[in-house]
Amino acid sequence: MRCLLVASVLAAGLAGTLATSTPPPLERRGDADIRRSRKTMGFGPEHPHAVFRTDVAQAFQPAGFRASEKPHPFEIAKSFVKTLMPEGSSLRDEVDSSVAFYVRPDSYVDKNTGIAHVYLRQTVFGIEVADGDVNVNVNVRDGRVLSYGSSIHTNGLPSQLFTTQSDSEHVQDKLCANLGTEYNSRWSQLRQRIESLHPTRPDGQDPLTLAASDPAERQRLDSLATEILGQVPQLFSSNCDRLRHASSSAITPQSEEENPLSALLAFMLHATPSSELASAIHSSPRKYLDGMMLTMAHHLHNTDAPASPAFEIDGVPDATDKVRGRLAWMQVPKADGGEMSLELVWKFDVPMADNWYEAAVTYSEPHRIVSVVDWAADGFVDAPVNFVDWFAPFPKEPPTEFPSTRASAEYLVHEWGINDPSEGNRTFQYENFDALASPIGWQVVELSGDPATSSKGTLSFRNTSTTWGNNAFSHENWEGENAWVTNYRPEAAIRVSKDADGEEGERAVFDFTYDPKATERSESMREARKYINATVTQLFYTTNLFHDLTYRYGFDEISGNFQQHNFARGGKGNDAVITNAQDGSGYNNANFMTPPDGQNGRCRMYLWNTANPYRDGDMEAGIIIHELAHGLSTRLTGGPANSGCLGWGESGGMGEGWGDFLATTIRSVKDRVADAKVAEDGLGEPRDYSLGAWAANTDKGIRNFLYSLNMTVNPSTYKTLDKPGYWSVHAIGEVWAEMLWVVEQKLIKKHGFSDTLFPPKPYKNGTVPLGDFYRETPGGTLVPKHGNTLAVQLVISGMKLQPCRPSFFDARDAIIQADEHLTGGENYCEIWNGFAERGLGPDARVDGRTPWGGGIRTDDFQAPTRCSKGSAL
């Protein structure tokens, strides 16, 4: 290896001596000048088992179909691919259990040829085999498989899941060793040619050095080097030159050796064209790891897309945008040169100035690159580069003057607490002016933080008459793209009218029809889009009220809430929620992206094709609230700058459960008020609730059980998580939400309930009146008086107390601690009894838990001794 490194150094010197091209332009980054150079990486394992066959022996008739039936060509392909597993293979017995195949969404039927081009990908244990591809070409007319190509894994399953396979070949090492051998051979040839032209001098001076000092001879040597070395030096430099850095660098602390951040940083050490940055990563990896931030993507329920990104990473050195990533398998030859084995990897999509890499890096330390493809084709890279100076923004002074007083806007919407169109009609509701939560209302933006303008400098505000304000930007996103600033938004009419207090004024009125009709299927989308003004208005209204509600319970600027302007109250601004109505990227779902504080959250709401006319998720408040709650829980758990604390297992499940709990609590208020009027005890019992029932067009909704106190209706306990169907974060979340629902009812039984979750509006000086909402402790702390408001307060306060990646036990204990801090522990037994009723008593435990599921849980239905029967309700 020493010889190889010497050759590398010599060749680098030779290239520097002989180069005649113009140096690349400089790029300015503050005070640092960086020379841009184009390098590209590209390698991966060979697949000796890959085939392409055009001689399919006979027409394929998939099992389960009669000869008279005409199955869809995608179904034919899905059935056909199972036959590609070798007869007698142990893996063939695993098909449909541990091993599966899914049809990629880019499959299509070519109407010109009548051939269906079906692309499938293999999964093992639910994780995709990134290079386990099959393409099946089917004659649509007769269902015959014309040809197919396959590189699927057909050998045994891995013996260990979350470790680097010790018997796997080190792909990059082997390829670079071969390349180094070739490099040394060519260098020797070049050296011999040079020495034949310039024999060794008697004085011992190096002929190469002397030859390079002559301009004419330098040009001759340059041509000679190109002739003999070819692209080998560039290939070695791009793909292999930093292996010595990687092999000796302690990039990964032991506690983070299975962290995608460290794997990505190991990749960037190789990928960056800047040798200075590579050296800095090598010498100070901790500095760069601390600057990288992981963001999880949340979905309302599971999808059938194993290849969809599972996370995004910000702050990656030399990346031009967020890096997307996920877990995957790659097929790697065994070190003995035998059959292929599966290697667990982190797959990354890495955008850079001159490259866009698709890379696979081993899951565990030592992180090695298994495969890398550059999506950017080679071209000229020496075009002029603009000089850009980056300056840190100056701190803004607190605003001394808000926009001129205006009348509150008016919205024709389903009032807060009405979950969906089946529960009530739309009415006119007024914009919420709250001196704490929204001191300038919802229809105002500060110009320097307004994405629609380029105004900078003096602090100033502008009123808007569309769904664009300090807390949220709401609009259509029919194309399903990431661009949003110029997307369509409804424009309010300006009318003179009186508000609820009888004050007359000129106000923005969002008055739009919502009355979709049943149509032919082909017209369903067109019909839904007719009412985009109404649905965007509803989304804007619900998002703003959720902001104001959670603000009053503690989700404020300093704790990482979502606002463009933070009124000098701390935290990072410029992160109002981007809310997409009728997002074109999917159906029958919703999702929310929560980056760290200071970056816009993004909520995607979809149409549901579960009924005719389509149901619009923007019209079901519970779905919106569930999604927005992801932003709440992610920002509050582990701190607003850490978005990676609720990524998987019980932590990720609770991220789903908090959303369900808040949605259910909010919609239950009006029902409890109505039921209490006829209840003998003036309190009544809570109803049972679903989630997503209206949008999904099913009474049960999209969860396994209704949220209910009745153990027959909802039998969930902590041990329920042991069941096979409860590895999903959504199923885990159901159990957590049910526990919180039971705890809340214990508190309501003791303290009664409030007919509103909103605290009294503060006076202009910021003082909050007690009203019938709070009681004040001797220390001056305001405590919600009623069980439902107290439950919301304790849950949100508990999020701030609990650790990053909390377990059920951690979150339970944080809620108990929040009560201890707020009330002196006066609800200790109510809270414990609620959790114990669903198996999460003090002696509950789990053995053998994995990051995603599994383990054996033991329920404990007993509260602590001090809460023995008779001590508390």
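Using N, Cα and C of the backbone, Cβ positions are placed for all residues, glycine too.
A quick note: this is a predicted structure, and the numbers were derived from the prediction, not measured.
Annotation source TrEMBL lists active site at Glu627. Among the features that TrEMBL reports, Zn(2+) binding site is placed at His626, His630, Glu656. For 106-151, the entry in TrEMBL reads domain 'FTP'. According to TrEMBL, the signal peptide annotation covers 1-19.
Shown on the structure are the features that TrEMBL records.
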| residue | record | Cβ within 10 Å |
| --- | --- | --- |
| His626 | Zn(2+) binding site | 27 |
| Glu627 | active site | 29 |
| His630 | Zn(2+) binding site | 26 |
| Glu656 | Zn(2+) binding site | 28 |
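The two recorded residues, Glu656 (Zn(2+) binding site) and Glu627 (active site), show a Cα separation of 9 Å.
Averaged over the domain 'FTP' (106-151), the predicted model reaches a pLDDT of 78. Residues of the domain 'FTP' (106-151) grouped by DSSP class, helix first, strand second and coil last, total 0 helix, 32 strand, 14 coil.
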